[in-house]
Amino acid sequence: MNPQAKLIFTISLLLGTTITISSNHWIMAWTGLEINTLAILPLISKSHHPRSIEAATKYFLTQAAASTLVLFSSMTNAWSTGQWDITQLSHPTSSLILTSAIAMKLGLVPFHFWFPEVLQGSPLSTGLILSTIMKLPPITLLYMTSSSLNPTLLTTLAILSVAIGGWMGLNQTQIRKILAFSSISHLGWMTIVIIYNPKLTLLNFYLYTMMTAAVFLTLNSIKVLKLSTLMTAWTKVPSLNAMLLLTLLSLAGLPPLTGFLPKWLIIQELTKQEMIPAATLISLLSLLSLFFYLRLAYCTTITLPPHTTNHMKQWRTGKSTHALVAILTTMSVILLPISPMILTII
């Protein structure tokens, strides 16, 4: 892709995200979401492969439908209350429509079907943007309207997302699809607590973004898309593979690592709100996603391929992202001991 075009699309992405997260009026928030959608489409379809074009089409249709629902929800609210302010969403029908629209934008169950397909058809760099930056504007809208949303509906969507995200990821061999289902599962954890402690949702999102960025950048460095090629990737940069193992275990939420922090705090918050059955259920369902993270980690460092491979083994990757990967991986592994300081910040 032309560097100038790429620069324009990247600036448009940042502009759209900034407009949405800093707006008070529903029309401005909708405008930011539309700019985001239009800016990411060329980045999804830049390889001109039929699968990329299909992914861009699916993305466009779902996001356009979700944006229409956001507009419809805000108009319904303005019709009944006379308020266009995002924080003044008091009409129950409007909040129901908005929850559906945001669930569609984020890829929460039952509106999740587009996300694995779109991620599978996108390059790894675009997949990173789709999994992280593109989730920020919808989560911000949820954050701003959290006081007027329906707790039962959000809890149901969250538990279903963790269940389906873990269950459908078990059988995948394509790494991008595994990361898509991982994203759906993490979004379930963020959604369940947004009404009770919205800042905790944002903390979870920041830590998830950091760990996912480390995974995507590592995979992009060693050019791996399938589990079978991941098994032979240890010859390229052994140290990078060891770092990928730690990041995957952190993403799974194992205790000594950073990924355990949001899960621990969310379970604690749910227990405070006397939602012990929901906390128990979501903890048990996260074991499903733990299985495919362990499978990825096993393929990364522990397994040697049983057959000789035909492709050339590479001992240097020639990528300049190693310093960034090192920083992100370090933060993904060692932030748990400073959790009291993080809690005083949020």
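All residue numbers here begin at 1 and follow the chain in the order shown.
Glycine is treated like the rest: Cβ placed from N, Cα and C.
Note that the coordinates shown come from a computational prediction; the quantities given were computed from them, not determined experimentally.
Residues or ranges marked as domain 'NADH:quinone oxidoreductase/Mrp antiporter transmembrane' by TrEMBL: 23-288.
Averaged over the domain 'NADH dehydrogenase subunit 2 C-terminal' (290-343), the predicted model reaches a pLDDT of 78. Feature annotation from TrEMBL assigns domain 'NADH dehydrogenase subunit 2 C-terminal' to 290-343.
Sequence-distant neighbours of the transmembrane segment (5-21) (same chain, 6+ residues past either end, Cβ-Cβ under 8 Å): 28-29, 31-40, 42-43, 129, 133, 136-137, 140-141. If you look up TrEMBL, you'll see 5-21 (among others) marked as transmembrane segment.
The feature transmembrane segment is assigned by TrEMBL to 56-75 (among others). Taking Cβ pairs closer than 8 Å, the transmembrane segment (56-75) reaches residues 26-27, 29-30, 33-34, 37, 40-41, 44-45, 84, 89, 94-95, 97-98, 100-102, 104-105, 111, 114, 117-118, 121, 141 in its own chain, all 6 or more past its ends.
Per TrEMBL, transmembrane segment is recorded for 95-115 (among others).
As annotated by TrEMBL, transmembrane segment applies to 152-171 (among others).
Sequence annotations record features per position, and here TrEMBL assigns transmembrane segment to 178-197 (among others).
What TrEMBL records for 203-225 (among others) is transmembrane segment.
Through the fold, the transmembrane segment (237-255) approaches residues 182, 208, 211-212, 214-215, 218-219, 221-222, 262-263, 286, 289-290, 293-294, 296-297, 300-301, 316-317, 322, 325-326, 328-329, 332-333, 336 of its own chain, all at least 6 residues removed from its boundaries and within a Cβ separation under 8 Å. Among the features that TrEMBL reports, transmembrane segment is placed at 237-255 (among others).
Annotated transmembrane segment per TrEMBL: 275-294 (among others), in sequence order.
Residues 203, 207, 210-211, 213-214, 217-218, 221, 240, 243-244, 246-247, 250-251, 255-261, 265 of the same chain lie 6+ residues outside the transmembrane segment (323-343) yet bring a C-beta within less than 8 angstroms of a C-beta in it. Positions annotated as transmembrane segment by TrEMBL: 323-343 (among others).
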Same-chain residues near the transmembrane segment (152-171), Cβ under 8 Å, at least 6 residues beyond its ends: 96, 99, 103, 108-110, 112, 116, 177-178, 181-192, 194-195, 275, 278, 281-282, 285-289, 291-292
